[in-house]
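To start, the structure itself, in structure tokens.
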Amino acid sequence: MLILSLESSCDETAAAVVKDGRTVLSSIVASQISVHAEYGGVVPEIASRQHLEAVSVVIEEALREAGVGLAEIEGVAVTQGPGLAGALLVGISAAKGLSFGRGIPLVGVNHIEGHLLAVFLEQPVEFPFLALAVSGGHSHLYRVDGVGRYKTLGQTVDDAAGEAFDKVAKLIGLPYPGGVAIDRLAATGNPEAIKFPRPLLHDGTFNFSFSGLKTAVLTHVNRHPEAKEAGINDLAASFQEAVCDVLTKKTAAAVAATGIKRLVVAGGVACNSGLRRSMARFAEKAGVELSIPAPKLCADNAAMIAVPGDYYLSNGITSGFDLDALPVWPLDKLAARFKGGA
Ligand code: ATP
Ligand code: MG
Ligand code: FE
């Protein structure tokens, strides 16, 4: 079916037109990064207002680029959570308006489910697979048994990986969002220059912890102020190496424990070149079938929302007009909501 999908959970207003949950006819992303950058992070109230200004524009642009009229759209999928309540409500209200106005079905989609399934826009992956979601708000390892059937194997006990990148970038004087800036500096730095800790590496769980690593960077720059100047590439490379090392080794442990040899890495931090490299190295060595979507599908976008959206709508699973934002919405709860999932 031909679906219009919307995403407004954080600081990107996005709309896409996707056919059968597989073929992207258009994917428009209006980023608010420059607006939030001067505050060093996302300001929720500003985000909501920016979404309001952008939402109709991105919808029109998505339809225009796809070359389809609103009359041809057969269903609407929208990010229902997790995310900022006020930001989510803008996309949800627009989706309800389209659904009501056109008399087409509506479904609310979990943003992280979108990240995990974005890979299907490039290639099929057989279930079950393991998935590492690394983004601004998540560092989670999941077992994925089907659409709607997710089991959390481990998660961060404090900061998410993207949050760690952003916070460390801020404390060494790099602009928001910090992930890209650190990635760029790290390319010409020595990852072995500074030995940063690998938190929770041997704790026997699949959990992560990144706040201690952030403190270790702070302690290092306090003791060695030059690390923020001439040594900044080595600092960025060493920090990035520590994050990627922990993410890869914990994922490797989950592969070993479950025996599942298919792996998907998703979310904004999956754009990181160091992580892509270390995951590829591990997968090659361990004989794991690894899928990491292209960076534009790892970062926030609306096309990824259409993948589960199409599945649910095609199976008659819809949301009513009482659909409300769910700022906190663990993936494990989806199976119950969708009566057992796929
Ligand atoms: P969530 O998906 O958990 O709700 P979010 O949607 O805000 O959070 P994403 O947009 O998926 O998060 O990812 C944004 C995060 O990805 C930011 O923390 C950003 O710094 C990080 N990121 C983006 N590109 C890179 C990169 N090349 N290297 C490291 N981190 C990156
Ligand atoms: Mg974002
Ligand atoms: Fe995201």
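Glycine is treated like the rest: Cβ placed from N, Cα and C.
Per TrEMBL, these features apply:
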{"type": "BINDING", "residues": "His111, His115, Asp300", "note": "Fe cation binding site"}
{"type": "BINDING", "residues": "Ala133, Val134, Ser135, Gly136, Gly137, Asp166, Gly179, Asp183, Asn272", "note": "substrate binding site"}
{"type": "DOMAIN", "residues": "23-306", "note": "domain 'Gcp-like'"}
(request) Let me know the largest Cα to Cα distance in Å among the substrate-binding residues Ala133, Val134, Ser135, Gly136, Gly137, Asp166, Gly179, Asp183, Asn272, as an integer. (result) 18
(request) Calculate the distance in Å between the alpha carbons (Cα) of Asn272 (substrate binding site) and Asp300 (Fe cation binding site), and round it to a whole number. (result) 14
(request) Report the same-chain neighbours of Asp300 (Fe cation binding site): residues 6+ apart in sequence with Cβ closer than 8 Å to its Cβ, ordered by sequence. (result) Glu7, Ser9, Cys10, Asp11, Glu12, Ala14, Val29, His111, Gly268
(request) Go through the binding-site residues His115, Ser135, Asp300 and pull out the ones with a Cβ less than 6 angstroms from some atom of ligand 2. (result) Asp300
(request) Around the Cβ of Ala133 (substrate binding site), how many other Cβ atoms lie within 10 Å? Please give the count over every shown protein chain. (result) 28
(message) Give the mean pLDDT for the domain 'Gcp-like' (23-306) on the 0 to 100 scale.
(response) 97
(request) Round to the nearest Å and give the CA-to-CA distance linking Gly179 (substrate binding site) with His115 (Fe cation binding site). (result) 17
